[in-house]
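Peer 1: Sending over a structure as structure tokens; questions will come in a sec.
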Amino acid sequence: MVINRNKKGTRLELKTVDTDSDDKLDDSLAEKLIRRAESSLAVQTVIQHGIVFCHSLFAVMLKHIQWGASIVLAVDNSDIEAIVRLPEGVDPAVWQCEHLRQLCLQLNQLVALLIPECLPSNEDCREMKAGEWQYLCAAHVSPQPCSAIDYIIHTLDGATALLNSSKFFPSRATIPMASHKHFSSIARRLYRIFAHSWFHHREIFDDFENETCLYKRFLFLSTIEFQLIPEKLITIPQVFDMGV
Amino acid sequence: MSTTGTPANSNPITLPSVLHFLNTEWRRFERDRNEWAIERESLLSRTAQLVGEKRALETANADLLQRLALLEYALKRERNIATGEPPVPSAPPPETISKKAPSIAHARSREILKTYLAEASHLVAKTQSRTHDLQHVDSGSGQLETWKSGFGAMEDDAQQQVKVVDAKYARTVQNHLSNGGELPAFGHGVRTNGNHSDSDTETADSGKYFERKKEEEIVQTTDLDLIDSVASVTAALKKQTIVDLTGPDYSIGSSEREGILLPDADPSPSKLWKVKSTLSSHLDAVRTIQFLPNSNQQSQSQKHSKSLLTASEDGTIKLWSLDPLFPSPTTSATGTTRRRPSTMSSSLLDLEPSYTFRGHIGPVTALAVCSDASGFYTGGVDASVRYWNLVDKNGNSLTKRDSYDSYESNPQKEIIVAHTDVVWEMALNSDVVSGTADATVHLATASADGTVKLFTTDSHSLVRSFVGDAEDAVSDYSGRSRNVPTSLAWMPKDSGRRLAVSYSGGEIFVYDVETGAVVAQMQGDDGGERSQINKIVAHPTLPLLISAHEDRSVRFHDLLSGSCIQSIVAHLEAVTSLSVHRSGTTLASGGHDCSIRWWDVGTRRCVQEYSTHRLKGTGEGIWDVAFSDWGDEEEECFASGGADGSVKMFGMI
């Protein structure tokens, strides 16, 4: 299995995390990587492998995105499950932590798409609303009614800072027990970003979802694999075939 | 085994993949062969050792036996004297033994010397080859050649070593002779050695020298010859042993031989770089970092605080205000308070970025800050070049804001779409002397589509586009071996007219941007992945260009002559980044072995080494290093960005 560094000069078609083409993303591959454990960031590598496998056209799609075009990618549910399912020998807390980090990473892209659109001059976006619910931003000393885009960015930045903080997540190989409770609060807050964009910026949400299937993966992670978000807080209607 | 990231269901048998497979297999065979050769040598040296020990024990044994025989004889004689009997006719045997002993002993001694020679060559070659191995380790056929050359070169040292042994042995022989004692009879074990085809001729020669006196002379002359060499060889041996003691990771070499250089003398502790803090907020590898230059604004709110920009593979660029690292009365009075709720991070050590710039799709790979720090440019995998403001619409510096202020104004000003492939490097020629006619500031961008494009910074219009060699414009079947520009550096003099571009095939071209002509060209090694240049920097005052290579070396090029002055093996893995201090005395390099090394430019010796960051995946270590150019001696800063997503800050104090 050859994994390439993305060194300078690499062209776009080749700029992926390479593996042998006959390796499948199954438990054995993940275990192989983690058991080899040359670095403490092995789990992140595994997740990024999985994503690239399922979206192996991703790099090619990047080249073809003109501002506004969208590409529909039909991805099997089982592939998404394969990324999210906890492999053997991996600490569930570390798995959740790395998945949430990857989620924050990819949400940056959704936020980048929202920034020009989600302006406080819009009626819906003057405060953080998702459907009938309104949320107050917890990133401040006392909860403030930030505008939607402010709420989104503050939440994402706050989640990123928390996942990187030396107090709660000092190491990427073991997570102290006291920090487990943060996973659920992070997941709940990040869910609201999806909710706001689904209710008020539907086209952006659809484009993004078709490209990355991020929401589907997030739902798999937080409701089916690990119970991070209770059912009643899932405000987006069940239009996705979860195949459970 | 295919080298491209194609989906699993495409046809895996293609010509490039077959060739690649053959290549890898061949390399693997070479490697196995070399390992076998190494093992064989080590086993040979071990057997030589054991044989030597055996022989020594046997000679000691024989020595004792003979002493025993002599004592018995002496006892018998005493007994005969005591009992009044005539001397036993068994007296002659010892004498004949003693007479024959010199001739036989000399023959034997020459045989002994030959065996010692063989043993020593094995042992010496073993230790020498280890150090040579470290210096010349390379995959493929290169290793076998270096092994051969290494052994060839080691003959001299082996001979010297053996001369030492010779001298020592010759001295013991001489001592024996001068003491008048008999040479020990080395009758037993010597014959068993096999390598003495020439020793037979030697014994024929030595048959002439039966007299002890002549032996003494010979031994004496040889001894005198060797005494001179002993001193030098022991000195050389001492150096070699130092090499061994430092362990398998390092080998000391002078700069004439390519060797990884250890710090010569301990610099005074106050001049060392120490880690001050870690900035971790990126979720993926940090690709490139740059400090903001000192800004000249008047009002306090417009003036930037000491800040750092970091761009990462997670698609964001973060702006960090470093004031908390330099507590001083003025900044604390006007510094902003960080409001953090209790559920979020509350540690004082965790700095959060002042601003996160989002907008790129995919990793951000290149960064260039304007010299007046009003904005900066970035380039990424999405092939776009974007310009961002560092001052918000009220004129306040973005470095002064709290992390959780309002984000309502979008700092992204402009997107330049000009490239068709990943933008890997960009540079602004900020040393332009303002006021002259050709004082436009240019932005140069290098991309994997093979071009280097030049833009003006006021109108962002494309001025020029440089393409590499025409032959390389045709892409090879594997794609990867196509020559693409990998790094850029503006020459600090000539009012911003000269641009040096390095390519993945190892060449460096210097262009004149006004005319578009190639001013100088520096050829690298033959193509292939290992010769890629990862970074070039121009020295601020000397006509020197420094390049960092995939083959672990850092090379110094002279611009006046256009040739490479020197090549140092700088790291244990590929060298990814370089930064020159603005005074021109220190060079810093970072590599995928997760270590940072500081070099003195004048003597090209390593002054300090520091290992930090964690490896990501299969060997991504450090991606970028940078000196701050602020001008304050006490607040000098150094930063390194790693593949684990963290940025380490270093300070002198």
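For all residues, glycine too, the Cβ spot is worked out from N, Cα and C.
Unlike curated records, TrEMBL annotations are generated automatically.
Pasting the feature list from TrEMBL:
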- A:Cys118, A:Cys125, A:His196, A:His201: Zn(2+) binding site (BINDING)
Peer 1: Which state, by DSSP, holds A:His201 (Zn(2+) binding site): helix, strand or coil?
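Peer 2: Looking at the DSSP assignment, A:His201 (Zn(2+) binding site) belongs to neither helix nor strand, so coil.
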Peer 1: Taking 8 Å from the centroid of the Cβ atoms of A:Cys118, A:Cys125, A:His196, A:His201 as the cut-off, which other residues in that chain fall inside it around the Zn(2+) site?
Peer 2: A:Leu114, A:Glu117, A:Asn122, A:Asp124, A:Ala148, A:Ile149, A:Ile152, A:Ser197, A:His200
Peer 1: Identify, among the binding-site residues A:His196, A:His201, the residue whose Cβ has the fewest other Cβ atoms within 10 Å in this structure.
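Peer 2: Across A:His196, A:His201, these binding-site residues, the one with fewest Cβ atoms within 10 Å is A:His201.
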Peer 1: To see if you understand the setup: which same-chain residues, six or more apart in sequence, place their Cβ under 8 Å from that of A:Cys118 (Zn(2+) binding site)?
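Peer 2: Listed in sequence order, they are A:Cys125, A:Ala148, A:Ile149, A:Ile152, A:His196, A:His200, A:His201.
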Peer 1: May I ask you to report the DSSP-based helix, strand or coil state of A:Cys125 (Zn(2+) binding site)?
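Peer 2: SS state of A:Cys125 (Zn(2+) binding site) = coil.
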Peer 1: Could you find out if DSSP has A:Cys118 (Zn(2+) binding site) as helix, strand or coil?
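Peer 2: A:Cys118 (Zn(2+) binding site) sits in coil per DSSP, no helix or strand.
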